[in-house]
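Peer 1: According to Swiss-Prot, the record shows the following:
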type: BINDING; residues: 73, 75, 85; note: Ca(2+) binding site
type: DOMAIN; residues: 1-137; note: domain 'Pentraxin (PTX)'
């Protein structure tokens, strides 16, 4: 089982789902996470199946200084990174919407988000990180 952590502000929830690094180098795990401020409900989907729902920080508002951190656990917002707690593998695409998607859309492979365009992001790589376009669909 894989462990997925979602941090909202200084609150966090943990989901146990499929291992994020399949044995075949060409297989992938499709992961979707939603969080709604009004209810505080976070939902994790993996490979089109609901993994679970948990409450995390109802009413929290994401500020202008928000950061999206992928593949690295932090002990606190803005805290330090530990290379022994790093994701090892490939992240192909990242999309972000300004609303919670309905379950049907959450299960589908989506093509773009409404808030995040990874091609216009500023990246900060820590350790050995390679950023390249994907070579297969």
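Glycine is no exception: its Cβ is also placed from the backbone N, Cα and C atoms.
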Peer 1: By the count of other Cβ atoms within 10 Å, pick out the sparsest of the binding-site residues 73, 85.
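Peer 2: Candidates: the binding-site residues 73, 85. Fewest Cβ atoms within 10 Å: 85.
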Peer 1: Looking at the domain 'Pentraxin (PTX)' (1-137) alone, can you tell me the average pLDDT?
Peer 2: 78
